[in-house]
Amino acid sequence: MAGWNAYIDSLMADGTCQDAAIVGYKDSPSVWAAVPGKTFVSITPAEVGVLVGKDRSSFFVNGLTLGGQKCSVIRDSLLQDGEFTMDLRTKSTGGAPTFNVTVTMTAKTLVLLMGKEGVHGGLINKKCYEMASHLRRSQY
């Protein structure tokens with residue numbers, strides 16, 4: 001899906017994000033495009049299943065993983081019409097910095113963004129939401 005890489009380039013262009021991915025979640029979940037060598041390129045079908053699944057309470061207690069990176073859920077509106085967003089924060093290991101993550105949903109895809117250190121979650125959310133809105137208008 002080489003055409004999807006242009007969307008990743010667009011999301012990464014302003015330098016506020018360190019990782020981005022577009023993941024297809026219908027039928028057989030898979031990463032359509034992602035930043036090479038980063039976390040989101042390794043997202044598994046099981047991780048996608050947790051994101052889009054009906055159980056919306058367990059990850060508030062246990063967190064969830066994206067590409068093996070543990071995350072805490074801050075706000076879950078992923079399945080709410082008009083919202084379609086989930087805000088997360090990476091969990092720290094050994095005092096490492098944590099980062100804001102937003103996941104947005106379209107009819108066929110999940111758009112994931114991870115901000116750089118110190119980048120406000122609201123900025124990441126807005127950028128991710130705008131890309132998802134564009135994809136929804138394009139019937140994705």
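Any Cβ shown, glycine's included, is placed from N, Cα and C.
The annotation N-acetylalanine is assigned in Swiss-Prot to A2 on the grounds of similarity to another entry. Look at Swiss-Prot and you will find S28, S57, S138 tagged as phosphoserine. The SUMO2 cross-link annotation in Swiss-Prot covers K54. What Swiss-Prot lists as ubiquitin cross-link is K54, and the listing cites similarity to another entry. According to Swiss-Prot, the feature N6-acetyllysine maps to K108. Positions annotated as phosphotyrosine by Swiss-Prot, on the basis of similarity to another entry: Y129.
Neighbours of S28 (phosphoserine), defined as other CB atoms within 10 A of its CB across all chains, total 8. All protein chains shown were included, and the count of other CB atoms within 10 Å of the CB of S57 (phosphoserine) stands at 8.
Cα separation, K108 (N6-acetyllysine) to S138 (phosphoserine), rounded: 11 Å.
Of all the recorded positions given, namely K54, K108, the one with the smallest number of surrounding CB atoms inside 10 A is K54. If you draw a 10 Å sphere around the CB of Y129 (phosphotyrosine), it holds 17 other CB atoms from the protein chains shown. On the backbone, the CA of S57 (phosphoserine) and the CA of the residue listed as 'phosphotyrosine' stand 23 Å apart. Straight-line distance linking the Cα atoms of the residue listed as 'phosphotyrosine' and S138 (phosphoserine), rounded to a whole number, equals 14 Å.
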